[in-house]
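As given in TrEMBL:
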DOMAIN    392-502  domain 'TMC'
TRANSMEM  62-88  transmembrane segment
TRANSMEM  164-182  transmembrane segment
TRANSMEM  257-279  transmembrane segment
TRANSMEM  314-337  transmembrane segment
TRANSMEM  349-369  transmembrane segment
TRANSMEM  401-419  transmembrane segment
TRANSMEM  506-530  transmembrane segment
């Protein structure tokens with residue numbers, strides 16, 4: 001310090017002021033960073049969960065918080081660039097107007113779109129039905145694609161190209177999700193790499209560098225103790241299993257591998273049954289619900305037909321939810337016979353369940369597309385798609401994604417309330433052996449993570465067809481956090497096999513990344529391959545949604561056009577994506 005003070009005396013006034021300013025700025029930034037940590041969402045709740053249940057369960061709640069923030073950012077993006085300009089222009093705010101250009105060279109019957117709105121005397125039941133199915137009064141709100149029927153928006157003297165903004169906002173939210181997930185995955189991958197490098201090094205890190213010396217509160221110290229204890233328990237259990245695997249005889253290995261092959265054949269049979277059921281139910285639902293809607297348009301009320309129509313509309317969601325519920329239960333039961341380590345057991349169960357859930361969405365969309373593009377007996381000759389059954393097919397797909405999200409949320413609410421809570425009461429107050437053997441419900445990390453990854457994949461696919469779906473997802477995950485927290489503390493017990501946070505965080509993000517990549521496929525096919533609706537939406541004057549891009553490029557100067565078309569050519573694009 002004396003040496004530094006001596007050096008400062010020889011400095012000029014400017015350098016002294018600069019050094020003092022840098023010091024003050026660093027101090028201010030440090031204090032702001034410390035204060036901002038108190039603004040982090042659910043900071044205290046997550047620390048409390050870590051202390052009581054370990055870092056494995058804490059990683060699930062970290063993951064849930066990440067998805068809340070991601071969906072909120074996606075909602076802000078879609079609302080700012082798509083919904084807000086449309087609402088402003090519809091109500092004439094800031095001297096704004098909507099520009100609508102009549103479609104050219106299109107048959108008149110392709111442009112007819114009459115949403116099944118409620119007419120005449122409307123019963124309260126009809127509003128509940130509409131709220132659950134996305135039809136009726138909700139169909140022509142800003143929630144769905146059909147609301148954004150505009151070719152451009154004039155705000156004062158500025159022309160806003162709504163079709164281009166809609167497409168670019170879609171690309172932006174997918175790109176943002178990809179970059180954000182990869183960034184978080186890299187951090188988890190580095191931790192995972194360090195941990196897997198040497199087990200002894202990992203143990204030394206916990207013993208000699210695991211304690212947080214900033215802790216001064218006794219409660220926080222107890223929580224940290226428990227957290228370290230859970231980590232050490234996990235390490236010891238994994239080492240014990242590895243030792244057991246190393247001591248297996250050839251006969252035992254042969255028995256286990258034969259059993260694993262047999263179990264995988266059963267898994268494939270279950271998956272095939274799920275996919276076929278969803279395909280048949282979706283085709284039946286689409287063919288019958290559209291007929292029922294036309295019949296109900298003039299007969300509103302709480303009658304048997306309306307109830308049956310709601311059930312028919314929800315059939316795909318019900319079958320998918322049933323498959324998602326039964327599939328993981330069977331897989332969790334089967335994997336106990338395969339004799340894997342706890343970490344690998346969770347990963348394999350997750351991958352099987354991921355395949356069921358995400359492939360179920362894929363089968364649903366494939367079934368819808370087969371109906372939309374069903375051109376038998378010249379059904380879609382004038383328009384390029386089945387316009388009689390789907391005058392605005394994008395809104396219909398949006399409604400299916402909306403129903404999946406709502407039904408998924410209802411199931412997540414219902415299971416703790418009607419299954420976990422009564423089970424806990426039985427275990428607490430009934431001493432009979434079968435009930436005590438059943439015990440309290442375990443908080444299965446893989447099942448809970450899969451629930452929210454499934455919901456997030458629905459959101460990514462559905463946002464193109466329903467721009468405000470991320471807002472619903474944000475509210476849904478916000479409520480789920482408190483439901484899962486209450487369920488964990490009061491009705492469930494931690495898993496018998498503890499889970500390490502470093503590996504689970506990374507793996508959760510990898511599975512989420514798989515969900516995002518799978519979401520690219522249906523959104524990409526809808527944009528580039530399927531003809532856009534001619535009766536609704538911002539792309540009704542284009543053959544496909546993608547055509548708005550080359551159409552906009554043609555308005556640029558010739559030199560810029562040549563550069564952009566050169567970048568889009570295979571000669572440039574293929575090496576670029578490979579790199």
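Positions of Cβ are set from backbone N, Cα and C atoms, glycine also.
Note: TrEMBL annotation is automatic and uncurated.
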Please work out which recorded stretch in 164-182, 314-337, 401-419, 506-530 has the most C-beta pairs separated by under 8 angstroms from the transmembrane segment (349-369)? 314-337
Report the DSSP secondary-structure composition of the domain 'TMC' (392-502) as helix, strand and coil residue counts. 86 helix, 4 strand, 21 coil
When you scan the chain for residues with a C-beta under 8 Å from the transmembrane segment (62-88), skipping those not six or more beyond its ends, what do you find? 41-42, 46, 94, 96, 98, 142, 147-148, 150, 153, 155, 160, 162, 165-166, 168-169, 172-173, 176-177, 180, 184, 449, 452, 456, 459, 463, 467-468, 470-471, 473-474, 477-478, 480-481, 484, 505, 508-509
